[in-house]
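Asks: Mind looking over this structure? Questions follow.
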Amino acid sequence: MTATRGLEGIVATTSSVSSIIDDTLTYAGYNIDDLAENASFEEVVYLLWHRKLPNTDQLNEIKKQLAENAKIPQQVIDHFRTYPINSVHPMAALRTAVSLLGLFDEEADVMDTEANYRKAIRLQAQLPIVVTSFARIRKGLEPIEPRTDLTMAANFLYTLSGQEPDEVAIEAFNKALVLHADHELNASTFTARVCVATLSDVYSGVTAAIGALKGPLHGGANEAVMKMLAEIGEVENAESYINEKLANKEKIMGFGHRVYRQGDPRAKHLRAMSEKLTKLTGEPKWYEMSMKVEELVTSQKPLPPNVDFYSASVYHSLGIDHDLFTPIFAVSRVSGWLAHILEQYDNNRLIRPRADYVGPDKQVYVPVDQRS
Ligand SMILES: CC(=O)SCCNC(=O)CCNC(=O)[C@H](O)C(C)(C)COP(=O)(O)OP(=O)(O)OC[C@H]1O[C@@H](n2cnc3c(N)ncnc32)[C@H](O)[C@@H]1OP(=O)(O)O
Ligand SMILES: O=C([O-])CC(=O)C(=O)O
């Protein structure tokens, strides 16, 4: 047996949710470029869960279900208030909250298809409100109840700030949600599938996936990108900063990808949004600095920017706290996790690969008082 480090190139399952072929990303056969330009996030949720775009009635129905299920239990709010609020990362709070939501869902361990779909609706509806409620509580503000007349993108921004967002912000945030919704067998989705393949419950699968997304090699990179941009500070500092990092063989966050070779097709949409929004907010330097970093990295390494690179300056321009960037990724990606979880249950087999053992062999047990 020979191990493949990081399972690179291993095909671990079949899936009809999304695909990456020759650097082209599709959700159930629809090109991401088309969806990014045209689709609402609610349509994409439906698409990922049903593998077809909804008609008007189906779209209205899923919107209604999501709106009706968005309110989170008071116990989750009360739990947040017990945290050492200034030191808890919102991704850790989200991970704990999803586990907690499972405790208050009477159907948490009911394993039939309809019950699992109802849980998917509840999780998709509630995750954004968990994030915005935590974000407000840690600032000493009261959580805001989601409105039933707003889209998911608008409701997120509204329940975060208390202000009804403008059309530009809603459009940008909706596009970001569409672009992050699913991505074949990425690390967090694989984690979710491994978890539920033991026939564990949906809440456990999503909790596990949040844990995997949190790391800086995966979803956590978007926050790390903003930290890097803030450290660079001004465009003219980018060259020495990046060259020093590359010379020290340090990773530049937001670059590289396990699957894409020519580039991440999502990045161009986020780059365009970054340009537009940073100009509108009067802070074009975040876009200019990002462009300079891209030029410096790509001229020295075959490492194009990934989805996390330009999303950082997009979210910053929307006035969002930097440590909420990865939770926002989760608010979108939970749609993909849930699609994969439901698909896994549909045709389940335990996921249990092998390890190539490289430890010591033929050891002889020695009583503790005779060991050196
Ligand atoms: C939503 C997402 O999850 S997108 C990815 C988000 N993560 C990041 O942006 C973090 C930065 N990027 C990386 O760490 C990697 O490119 C990953 C994790 C995305 C992909 O990793 P892998 O496929 O395992 O590639 P691996 O880490 O082995 O890198 C291969 C080589 O490229 C280099 N490399 C890869 N990414 C980077 C980077 N961002 N900056 C500098 N060098 C890099 C590695 O140092 C390694 O060089 P070596 O062969 O000389 O040792
Ligand atoms: O697919 C991956 O490895 C990481 C990624 O881009 C994503 O999850 O969106």
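Along the chain as shown, the residues are counted starting at 1.
Glycine too: its Cβ is placed from the backbone N, Cα and C atoms.
Relevant sequence annotations retrieved from TrEMBL are reproduced here:
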type	residues	note
ACT_SITE	H257	active site
ACT_SITE	D308	active site
Asks: In Å, rounded, how far does the Cα of H257 (active site) sit from the Cα of D308 (active site)?
Replies: 11
Asks: In the structure shown, which of the active-site residues H257, D308 has the fewest other Cβ atoms within 10 Å?
Replies: H257
